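So the structure is just underneath, and the comments pick up after that.
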Amino acid sequence: MELNSQFNAFLTNIRPTDPQKEDWKGGAKTLRERLNNYEPLKDIVVSTFLQGSIRRSTAIRPLNGKRPDVDIVVVTNLDHNQIAPQEAMDLFVPFLEKYYPEKWVPQGRSFGITLSYVELDLVITAIPASGEEKNLLEQLYRSESVLTVNSLEEQKDWRLNKSWKPSESGLFISNSANIQDAPLSEWKAHPLVLPDRDENKWGRTHPLAQIRWTAEKNRACNGHYINLVRAVKWWRQQNSDNLPKYPKGYPLEHLIGNALDDGTPSMGKGLVQLIDTFLSRWAYVYSLRSKPSLPDHGVEEHDVLARLSAEDFCLFYEGLEDAAIIARSALASQDPKESAELWRKLFGTKFPFPGPQGGDRSGGFTAPTQPAEPQKTGRFA
């Protein structure tokens, strides 16, 4: 059975909590305000924005007191042809020493900042374009479409367009219902560049392309795509003893998007379809004991599976073969309790049993139409 009510409850149980959302929004806003008011960097910082699974609404609830991981991109107007990667990152060290003493560490392509309730990953980037193209891109990166700290799930009508604005009422519904994504020609050909201190070179990255693709895919899948990503991530976490460490994070998310058909009718059917498609699509690659390659949505020369070993891919494939048997049986079962027991084999106790009235029918848990607005605290003051 599809057990839609139970899947809704399951998703509520594995999403980040409202206090966790408050933590990362507070941390991001505080960092942005401090950067905007830090005089030595005022002339080079164009904007800061959230990226990663937090922004794309594909993050799951951290376990065992683990802090949420939040990726924050700092867009600068630095000329990457005139400044070395190490020099660019060094410009931000005095800022970090002033506001985050003994809380930050340098990383290969970013700075890690550990706060009481959140882990921030600060990524320094630059706009490589010049002239009028650069001016137009700076306008986009300064727009509310990019600056919003709301996730795709919270802002369902979000579009990558400098004319898009959220509602002034505080609700997660904007006043821009008829605005569509800006044409690809206006922004996609100009990824950001980021410094790699380990290799001492600049590389290309396009977080906006990943966010926009995710939003578009989620709409095409009736809102189920981001939730199926969460479900698979949770399954992977629950079965970590029997699965390889990789793929995880964005490579796993990308594999799911590659396998999921548009028009997803429900979580149960979507999960079975994407697993079956994954297994059939990569059966030949698996038979060779190899692995596929998949181009990044923003920087096509990047293979998102480049760091995934063939051995780990094959072990993951075998894990999905086992999961497919259970998922198909759970979907086919006409007994609500039996179906729930099978889904729980995949997802653990966060997936609830149906009530006395059974499974696929009206009533029971109803997902809220929009997230609750968390109470404010002074945690990031």
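Using N, Cα and C of the backbone, Cβ positions are placed for all residues, glycine too.
Around the Cβ of SER53 (GTP 1 binding site), the number of neighbouring Cβ atoms within 10 Å comes to 23. Reduced to three states, the DSSP call for SER53 (GTP 1 binding site) is helix. Summarising the annotation, Swiss-Prot assigns GTP 1 binding site to SER53, ARG56, GLN210.
Per Swiss-Prot, Mg(2+) B binding site is recorded for ASP69, ASP71, and the stated evidence type is experimental evidence. Cβ neighbours of ASP69 (Mg(2+) B binding site) (same chain, under 8 Å, six or more residues apart in sequence): GLY52, ILE54, ALA59, GLU119, ASP121.
Summarising the annotation, Swiss-Prot assigns GTP 2 binding site to ARG109, ARG197, ARG204, THR205, ARG307. Sequence-distant contacts of ARG204 (GTP 2 binding site), defined as residues of its own chain at least six apart whose C-beta falls under 8 angstroms from its C-beta, comprise PRO191, LEU192, VAL193, LEU194, VAL299, GLU301, HIS302.
If you look up Swiss-Prot, you'll see 348-381 marked as region 'Disordered'.
Long-range Cβ contacts of GLN51 (site 'Important for GTP discrimination') within its own chain (separation 6+, distance under 8 Å): ASP71, ILE72, VAL73, VAL123, PRO207, GLN210, ILE211. The site 'Important for GTP discrimination' annotation in Swiss-Prot covers GLN51, and the record cites a curator's inference as its basis.
With respect to their backbone Cα atoms, ARG307 (GTP 2 binding site) and SER53 (GTP 1 binding site) stand 19 Å from each other. Among the record's GTP 2 binders, ARG109, ARG197, ARG204, THR205, ARG307, no two C-alpha atoms are more than 18 Å apart, and one pair sits at exactly that spread. In this structure the alpha carbons, written CA, of SER53 (GTP 1 binding site) and THR205 (GTP 2 binding site) are 15 Å apart. Less than 8 angstroms from the CB of ARG109 (GTP 2 binding site) sit VAL123, LEU194, PRO195, ASP196, ARG197, ASP198, GLY203, each of them six or more residues away in the same chain.
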